[in-house]
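Per Swiss-Prot, the features are as follows:
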{"type": "ACT_SITE", "residues": "Lys283", "note": "active site, proton acceptor"}
{"type": "BINDING", "residues": "Gly17, Ser18, Gly19, Asn20, Trp21, Gly22, Phe49, Phe117, Ala173, Arg349, Gln378", "note": "NAD(+) binding site"}
{"type": "BINDING", "residues": "Lys140, Arg349, Asn350", "note": "substrate binding site"}
{"type": "COMPBIAS", "residues": "208-227", "note": "compositional bias 'Polar residues'"}
{"type": "REGION", "residues": "187-246", "note": "region 'Disordered'"}
Amino acid sequence: MASLGSYAKKHKVTIIGSGNWGSTIAKIVAESTREHKDVFEEDVQMWVFEEKVTIPKDSPYYESEEPQKLTEVINKHHENVKYLPGIKLPSNIIANPSLTDAVRDSSVLVFNLPHEFLGKVCQQLNGHIVPFARGISCIKGVDVSGSGINLFCEVIGEKLGIYCGALSGANVASQIAAEEGVSETTIAYDPPPIDSSRAATPRDRSPNYDSTSANKLPDLTVTSADSNGKDDRGRRTKAKLTPVPESYPPLDHGTLQILFDRPYFSVSMVSDVAGVSLSGALKNIVALAAGFVDGKGWGSNVQSAVIRVGLAEMLKFAREFFGESVDPFTILLESAGVADVITSCISGRNFRCASMAVKRGVSVAEIEEKELNGQKLQGTSTAKEVNSLLKARGREGDYPLFTTVNEILEGKARVDDLPKLVIRQKHTIEKSG
């Protein structure tokens with residue numbers, strides 16, 4: 001267990017994002033910082049995109065009919081009444097409408113916001129974070145540009161010049177926040193060698209990185225491998241990393257474990273950042289397929305076959321585009337892998353919306369518009385991104401499940417075509433084996 005010991009300073013933590021999952025993570029972290037005051041500053045900043053909320057008359061927080069600022073409601077009543085209602089938040093969570101003020105002097109940045117806002121947020125953060133900050137991305141999805149694919153933790157690291165790991169798992173935010181039983185998650189963090197002897201040994205990774213996209217990122221000073229080492233796929237890191245000062249506790253597996261682990265939220269630490277990140281993104285495509293099957297009422301036999309095919313394509317995709325950097329056991333054994341797939345294919349939002357679409361005889365896009373107020377599912381955006389990459393690489397035929405799900409979403413294929421994937425996938429595996 002990490003301990004401050006002779007360290008003169010403590011880590012300050014900021015949660016960037018305050019939605020359902022962001023508020024849940026803030027709750028977890030704030031409980032831990034309160035218990036481990038020798039390692040962390042007790043107060044946890046949570047950046048909130050300011051908006052007005054109307055408190056219902058039957059609410060114990062009702063004061064007037066006038067809309068109130070969400071940050072003021074959270075700080076006064078310690079509850080995110082809009083995105084995590086009914087859950088009491090620790091009083092040491094400070095809701096802050098100013099992004100730059102929220103991250104001031106923070107050495108641990110936890111990113112938990114819709115991926116479409118990440119670029120703008122990183123742009124606003126430039127020049128406002130301490131140079132030795134480290135990040136954890138809770139954002140599920142991938143960033144595809146042309147024939148290359150980037151992880152969101154890579155985007156964060158490149159844009160801000162910091163190292164960033166990833167958190168993902170079989171996590172239903174409302175259940176975790178309510179402390180219903182014990183949930184689990186996986187945190188992938190491979191400390192850069194510049195952080196003293198605390199670092200894990202970097203592993204070689206695939207060169208399948210989109211250099212075109214990378215060139216759009218800020219120019220960062222290249223340093224020697226001896227100081228910064230390699231990034232999440234073995235390339236010489238472009239960012240000039242600043243080591244965590246020796247006056248702070250090390251930011252390693254032990255420190256992150258006590259920051260995120262709770263009696264109701266079990267954390268497994270690994271170094272496979274690519275495997276954890278990809279699992280969190282690709283499982284949403286599989287969940288859509290499972291939802292289509294459920295909507296058809298085809299039963300558990302077809303359901304299990306589709307999930308198996310989905311796992312096979314997830315593993316194949318990860319190894320093809322990220323090479324030896326991905327540990328198969330991350331996908332097959334960790335919460336971020338198979339457990340998240342199972343949960344998403346039983347009760348996840350992508351699953352439920354896909355099933356609803358089939359039962360109503362409408363498109364998933366119509367469900368998004370009517371049931372989600374126009375908000376896009378993670379699965380639909382990821383399916384489109386992944387298909388764009390596969391098409392650019394001429395690899396659509398080698399990923400029949402991923403391809404057919406996207407074609408169903410675009411109205412180019414029927415849900416009835418899904419069972420054929422089992423045979424097609426078997427042939428694909430045999431040909432590539």
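Placed from the backbone N, Cα and C atoms, the Cβ positions cover glycine too.
Annotated features taken from Swiss-Prot, shown on the structure.
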{"residue": "Gly17", "record": "NAD(+) binding site", "Cβ neighbours (10 Å)": "25"}
{"residue": "Gly19", "record": "NAD(+) binding site", "Cβ neighbours (10 Å)": "18"}
{"residue": "Trp21", "record": "NAD(+) binding site", "Cβ neighbours (10 Å)": "22"}
{"residue": "Phe49", "record": "NAD(+) binding site", "Cβ neighbours (10 Å)": "14"}
{"residue": "Lys140", "record": "substrate binding site", "Cβ neighbours (10 Å)": "25"}
{"residue": "Ala173", "record": "NAD(+) binding site", "Cβ neighbours (10 Å)": "20"}
{"residue": "Lys283", "record": "active site, proton acceptor", "Cβ neighbours (10 Å)": "34"}
{"residue": "Arg349", "record": "substrate binding site", "Cβ neighbours (10 Å)": "18"}
{"residue": "Asn350", "record": "substrate binding site", "Cβ neighbours (10 Å)": "25"}
{"residue": "Gln378", "record": "NAD(+) binding site", "Cβ neighbours (10 Å)": "24"}
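The binding-site residues Gly17, Gly19, Trp21, Phe49, Ala173 include none with a CA atom within 10 A of the CA of Lys140 (substrate binding site). Cα of Ala173 (NAD(+) binding site) to Cα of Arg349 (substrate binding site): a span of 12 Å. Note on proximity: among Lys283, Arg349, Asn350, the recorded positions of the record, the Cα nearest Trp21 (NAD(+) binding site) is that of Arg349. Distance from the CA of Phe49 (NAD(+) binding site) to the CA of the residue listed as 'active site, proton acceptor' is 28 Å. Shown in sequence order, Asn284, Ala287, Ser344, Gly348, Leu377, Gln378, Gly379 are the same-chain residues outside Lys140, Arg349, Asn350 whose Cβ sits within 8 Å of the Cβ centre of the substrate site. In the three-state DSSP classification, Lys140 (substrate binding site) falls within coil.
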